[in-house]
Amino acid sequence: MRGYKIFTGSAHPEFGGEIAKYLGIPLSSATVNRFSDGEINIQISESVRGRDVFIVQPTCAPTNDNLMELLIMIDALKRSSASSINAVIPYFGYARQDRKAAPRVPITAKLVADLLQRAGATRVITMDLHAGQIQGFFDIPVDNLYGSIVFRDYVKSKHLPNPIIASPDIGGVARARYFADQLGLDLVIVDKKREKANVSEVMNIIGDVQGKDVILVDDMIDTAGTMAKAAEVLKSKGATSVIALGTHPVFSGSAYEKIEKGALDEMVVANTIPLKKESSKIKVLSVAPLFAEVIRRVYHNESVNSLFV
């Protein structure tokens with residue numbers, strides 16, 4: 001077979017290293033530099049001619065820099081005659097801009113999809129897209145993995161006496177119900193009203209949480225305002241404990257302070273984005289082995305269906 005290579009950008013090299021270690025191959029070499037005016041310059045340091053290549057690069061903050069770096073690396077690999085170029089994007093930035101939510105606004109997620117394809121990506125592997133329909137913005141294969149596989153095993157290992165799943169808002173009900181069904185648990189809903197971007201107001205609880213160990217489920221944690229306020233309300237309604245599960249730890253603004261000083265007992269996240277700092281309340285689970293297994297199967301033309309269960 002042609003052989004494959006794993007490259008990583010500068011956004012999360014540790015994640016790329018984990019993938020390479022799982023696969024038993026070294027990370028391939030690429031040099032990322034910046035000119036004095038800030039322009040990104042990339043040089044692929046080894047031959048990729050005829051090879052299948054996988055680029056690991058979450059488009060987290062600084063989002064524009066990391067996205068541009070990914071696009072330039074794709075272009076460099078295309079011009080170096082790689083056989084296929086697979087963009088491994090653990091966290092897909094701009095996914096919240098998936099539709100026209102107001103007059104005269106862009107659909108930036110579609111623009112990013114177009115840019116990736118135009119640059120030369122032949123496949124995208126990502127996790128827990130904020131809006132699943134973004135897969136339809138692409139004309140190339142998109143594997144949207146579920147972080148719930150890793151979170152499910154963690155929840156089981158805690159042996160909580162009286163667990164129940166909660167959605168932090170109406171929009172996340174489908175995601176939370178899927179997770180609840182996987183574990184055979186009941187579901188409650190936190191009904192909230194969002195006053196403006198990144199500011200959330202929790203209203204009431206739909207369901208009974210008295211004496212329950214509540215597990216809040218969401219795809220990303222941005223300012224942590226939703227989760228912090230939800231935890232307060234849940235405990236005021238009699239919840240024994242509140243754990244939050246969020247695939248992508250964006251953690252902007254005062255997120256760390258809200259987690260550390262708030263009512264949440266634990267915040268469990270995946271390592272799709274590197275953390276800015278550690279906290280005794282934050283538990284990080286690695287999803288790198290899951291991505292690595294998908295890469296292995298894609299290269300060997302094996303089905304990845306079982307990894308979505």
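Placement of Cβ uses the backbone N, Cα and C atoms for every residue, glycine included.
Taken verbatim from Swiss-Prot:
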- K192: active site (ACT_SITE)
- D37, G38, E39, R96, Q97: ATP binding site (BINDING)
- H130: Mg(2+) 1 binding site (BINDING)
- D169: Mg(2+) 2 binding site (BINDING)
- R194, D218, D222, T223, A224, G225, T226: D-ribose 5-phosphate binding site (BINDING)
Given the recorded positions H130, D169, K192, D222, A224, find the one whose Cα is closest in space to the Cα of R96 (ATP binding site).
H130
If you count the other Cβ atoms within 10 Å of each Cβ, which of the binding-site residues G38, G225 comes out on top?
G225
State, in Å as a whole number, the widest CA to CA span among the ATP-binding residues D37, G38, E39, R96, Q97 given in the record.
30
In terms of Cα spacing, which of the binding-site residues G38, E39, Q97 are within 10 angstroms of H130 (Mg(2+) 1 binding site)?
Q97
By Cα-Cα distance, the member of binding-site residues D37, G38, Q97, D169 nearest G225 (D-ribose 5-phosphate binding site):
D169
Number of Cβ atoms other than its own within 10 Å, given for D37 (ATP binding site):
5
At a 10 Å cut-off from the C-beta of D169 (Mg(2+) 2 binding site), count the other C-beta atoms across all protein chains.
19
Across all chains shown, how many C-beta atoms besides its own are within 10 angstroms of the C-beta of Q97 (ATP binding site)?
19
Using the alpha carbons only, what distance in Å do you get between D37 (ATP binding site) and D222 (D-ribose 5-phosphate binding site) once rounded?
30
Among T223, T226, the binding-site residues in question, whose Cβ has the most other Cβ atoms within 10 Å in this structure?
T226
Based on Cα coordinates, which of the following recorded positions are within 10 Å of T226 (D-ribose 5-phosphate binding site): G38, E39, Q97, D169, K192?
D169, K192
